[in-house]
Every structure is written in C-alpha cells, then in structure tokens.
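A.B. asks: Sharing a structure with you now.
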C-alpha cells in the first residue's frame with residue numbers, strides 16, 4: 001500500500017508538471033509546486049484520519065533508509081553523469097574550493113552561532129555535536145534557481161559551471177560532513193579532540209569514497225573498451241547499471257560515503273566509459289538516468305510537503321529565526337571571501353552582481369530534510385532539529401525560489417544594453433528542470449572518438465596545461481576506445497535502422513488508417529450518387 005501511495009503521488013506530480021509546461025507557468029521551480037501538492041495531500045490525509053474516515057499515516061511515513069538507498073543515488077549520479085565536463089575539469093580547483101572550504105565555512109558559522117546562542121539562552125540549547133551536525137546538514141544548497149538566473153543573464157559558461165559544479169559537490173560534502181560530525185560524537189573526547197576527529201574522518205571519507213567511485217568508473221571504461229558489447233545494447237546497458245550502483249553500496253557497506261562514490265563514478269564514467277558505448281546505449285543511458293532522477297526528486301519533494309502535516313512538530317521560533325539569519329551569514333562568509341580569493345587566480349572574474357546572485361540563491365533543498373531525519377539524538381532534540389530544518393527548507397525555497405523571477409526582471413531592467421524583442425524571447429528562461437532536460441539530447445553525449453580525432457586532440461594537447469593536458473595526452477587514449485571509420489559507420493547505421501523501423505511502423509499505420517478513410521469516403525459517395533439516381 002505504501003508503494004501504491006507513492007505511485008499515486010507520482011502520477012499526480014507528473015500531471016501537475018505537464019499542466020505547468022502546457023500553460024507556460026514559470027514563476028516557481030517545479031520542486032516548490034510538488035511541495036505544495038504534497039502538503040495538500042498531507043492535509044487531506046490528516047483530516048481523514050481525524051474524522052476516522054481512513055488512516056494512511058503508516059503509508060505516508062518517510063523512510064530515511066529508503067531515501068539514502070533508493071531515491072538519492074539516481075539524483076546524485078545523474079548530476080555527475082550529465083555534467084558538461086570540459087569546463088568542470090578546467091575549473092576543478094575553484095569548484096573544490098567553493099564546495100569543500102565553502103561548505104565547511106558555512107557549517108562552522110551556523111554550528112558555532114547556534115551553539116553560542118544556545119549557551120547565552122537566546123535559542124533552544126543544543127550540545128556542541130548537535131549544533132555542528134545541524135550546521136552541516138543545513139549547508140546543503142539547491143542549485144536550480146541559481147542556474148536558471150545564470151542562463152537568463154547570459155553569464156560566461158565558465159562562471160555557470162563554477163556555481164553548478166559547486167552546487168553538485170555541495171550536497172555530497174554536506175552529507176559527508178554531517179556523518180563525520182556524528183561519528184566523532186564520543187562523550188570521552190574533549191571538544192578539541194572531537195573537532196580533530198571530525199576533520200580526520202571527513203578527509204578520510206572524502207578521498208576514500210571518491211577513490212572507490214573513480215576506480216569503478218575506470219574499470220568499467222576498460223571493460224567496455226576491450227569487451228565488445230556494442231552489438232547487444234541490452235547487455236551493454238545492463239553492465240552500465242551494475243557499475244552505476246556498485247560503488248554506492250560498497251562504500252556504504254564499509255562505512256564510507258556512498259554519495260561521494262557515486263558522484264565521482266558518474267563524472268568519470270561520463271568522461272571515459274560513455275564514449276565506449278554504442279549510440280543506442282548512449283541515448284538510453286542519458287534518458288534513463290534523467291527519468292530516474294526526476295522520479296526520485298518528485299518523491300522527495302512530495303514527502304517534504306507531506307511532512308508539514310504528518311510529522312509531530314516541535315517549533316522553537318527563536319531557533320528558527322536565528323537559524324535563517326545564520327544560514328544567510330554562513331552563505332555570505334562562504335561566497336564573498338572565496339570569490340575574491342578565486343579572482344586573484346582567475347582570468348574570468350566573478351563580478352559583485354554574480355556574488356550577490358550566488359549568495360541570494362542559496363536555497364536549502366530536500367537533502368537537508370532527509371539528513372535531519374537520519375539523526376539519532378534524544379527524541380525532543382531530534383523533533384526540534386527536524387521541525388527547524390523543514391521550516392528553513394520551505395522558507396528559503398518559497399521565498400528565494402519565488403523571488404528568482406522578480407530579481408531576474410529587476411536585473412534585466414537595470415541593464416544598460418537594450419535588446420530587441422526577438423533577443424528577449426530567445427533569452428526567456430523557465431525554472432523548469434524537466435523542460436530543460438526535454439529540449440534536446442546533449443551533443444556532447446552522442447559521439448565516439450575516431451583514430452583521426454584522437455590524433456587531432458593529441459596535437460592540441462601540447463597547448464593545454466595541468467590535468468586537462470595530462471587527460472588529453474595519456475588518460476583519454478588509454479581508457480577510451482579508438483573507433484575505425486567502419487565501426488563508426490556500423491554504429492550509425494544501427495541507430496538509423498532502428499529509427500527508420502520506428503518511422504516505418506508509424507507510416508504504415510497512418511497509411512492503413514488513410515486507406516480505410518478513403519474507402520469509407522468512396523463508399524459513402526457511391527451510395528450518395530445511387531440515392532440521387534433513384535430520386
């Protein structure tokens with residue numbers, strides 16, 4: 001019944017998003033609308049339970065284990081797999097600075113602030129570990145609104161990648177940081193020892209988990225390079241799915257971070273393994289992962305809405321208000337100093353307007369809420385943290401997510417350069433992730449490397465620097481298959497044959513329908529003429 005309940009909500013969510021796309025409603029992110037849907041369903045279930053009509057409380061309960069084992073992996077893997085890797089690897093230093101150092105700064109500011117305010121009896125008192133666990137989990141931000149604004153403002157793609165890359169890694173970093181803080185929760189340790197333990201645990205989990213993901217991805221690249229499964233796309237796709245999920249469960253099984261493992265597995269598989277696949281599997285892989293990520297995200301945001309009415313809340317107004325203030329201060333302490341530091345080493349400077357947008361768009365997502373459910377503190381403290389997290393997620397998503405389009409219009413109005421109507425129409429942006437996904441298949445994800453292309457890339461590699469040069473010169477030739485023109489031709493013809501068969505089936509059915517219509521019309525005209533002759 002619980003599964004049936006989830007499927008019903010999914011169906012409603014899909015229809016609601018379709019209605020949004022059909023009507024052109026683009027003032028709120030889809031996530032916010034799904035939260036509203038969940039809240040409405042939660043309210044109806046609550047009323048039914050109060051009036052003893054039916055009790056669906058058991059079916060609507062959100063399981064943190066199901067979230068971490070079923071819903072979260074496809075979301076994280078998809079974000080890594082469908083990443084445009086060119087700009088990502090060229091800006092890996094800046095992205096890691098924002099993701100690791102920035103998230104740690106934000107977590108420290110929020111955690112320390114809440115802990116000190118609790119000691120001063122201004123807010124609900126949390127222990128040192130509880131404060132920093134809360135600071136870590138609430139530092140996970142949602143990139144949707146930020147990326148939407150950046151697309152609309154015609155921002156340099158490098159800056160776009162900088163923010164998007166930071167947002168992707170940020171979720172994984174927040175999860176690892178929270179886990180590291182919880183693991184250091186030992187009453188025998190002093191505060192100083194607990195901090196050192198959390199830092200050591202964080203670095204171990206980060207590098208070991210990322211290493212597992214990279215190793216699995218490289219093994220998959222070598223396997224699919226040397227074992228030719230291209231003529232059987234089902235086997236090829238099955239092998240890809242195995243390598244997608246394996247690093248996650250292995251890392252979780254040995255008490256490391258499965259999220260970090262699956263994220264880096266996705267990034268590296270996208271960079272090497274993907275180009276060893278047949279064109280059919282390339283398309284299938286991309287669209288399947290997008291669909292799974294969409295379903296998982298819809299479920300998570302619907303449950304977020306359900307929690308508004310289904311969860312037993314413990315509201316502490318002072319803690320809620322000060323937590324929101326600390327979130328804004330933590331985001332400011334993260335974005336502004338690190339952006340200024342990055343500008344000293346970058347050709348593409350981050351402007352003050354971009355810094356403001358990055359700070360403004362620090363929405364807290366569903367991952368923060370799921371992390372709060374995973375905490376194992378005393379019942380009272382747990383309820384306070386979960387309720388506070390839920391309110392912060394809803395306030396930031398509704399207020400900042402809802403303010404995205406007005407801010408966008410304000411920034412456009414202040415632009416000195418005037419654009420024609422046609423240009424404005426071209427730059428019209430939607431906060432719909434589904435629409436962006438459905439517009440086209442990424443061309444970067446539909447190609448194979450021929451021997452000639454590899455030689456050209458090798459000649460260009462001498463002008464590149466750092467990891468990109470190493471990758472182009474040594475790693476890509478080793479892990480990626482070099483296709484002959486004949487193999488490439490066979491692959492393209494396979495894709496063309498499948499498409500032609502599909503079109504032919506449609507054409508035959510249409511022709512058949514047309515023939516039937518023509519015969520009906522002929523018989524009708526014949527009968528009509530015979531009636532006229534009779535008259």
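Backbone N, Cα and C define each Cβ position, glycine as well.
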A.B. asks: Out of 488-511, 512-535, which range is noted as region 'Disordered' by TrEMBL?
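C.D. replies: From TrEMBL, the annotated region 'Disordered' range turns out to be 512-535.
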A.B. asks: Let me spell it out: take the transmembrane segment (202-225), skip the flanking residues so only those 6+ beyond its ends count, and list any with a Cβ under 8 Å from a Cβ in it.
C.D. replies: 100, 173, 176-177, 179-180, 236, 239-240, 243, 246-247, 250-251, 256-269, 272-273, 276-277, 479-481
A.B. asks: Any chance you could find the range in 159-182, 291-313, 319-342 with the most Cβ pairs under 8 Å to the transmembrane segment (245-270)?
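C.D. replies: Against the transmembrane segment (245-270), the leading stretch is 159-182.
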A.B. asks: Establish whether the number of Cβ pairs under 8 Å between the transmembrane segment (291-313) and the transmembrane segment (62-83) reaches at least three, counting only pairs separated by 6 or more residues.
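C.D. replies: Yes, the stretches contact each other.
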A.B. asks: In the same chain, which residue numbers or ranges, 6 or more beyond the ends of the transmembrane segment (159-182), come under 8 angstroms Cβ to Cβ?
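C.D. replies: Distant Cβ neighbours of the transmembrane segment (159-182) are 76, 79-80, 83-84, 87-88, 91-92, 94-96, 98-100, 102-104, 107, 129, 132-133, 136-137, 139-143, 146-147, 150-151, 198-199, 201-202, 205-206, 209, 257, 259-260, 263, 342, 348, 350, 354, 358, 365, 367-368, 371, 375-376.
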A.B. asks: So if I exclude everything within five residues of the ends of the transmembrane segment (62-83), which remaining residues of that chain have a CB under 8 angstroms from its CBs? That is, six or more out.
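C.D. replies: Beyond its ends, the transmembrane segment (62-83) has Cβ neighbours at 164-165, 168, 171-172, 244-245, 248, 252, 258-259, 262-267, 269-270, 274, 285-286, 289-290, 292-293, 295-297, 299-300, 303, 306-307, 367, 370, 373-374, 442, 445.
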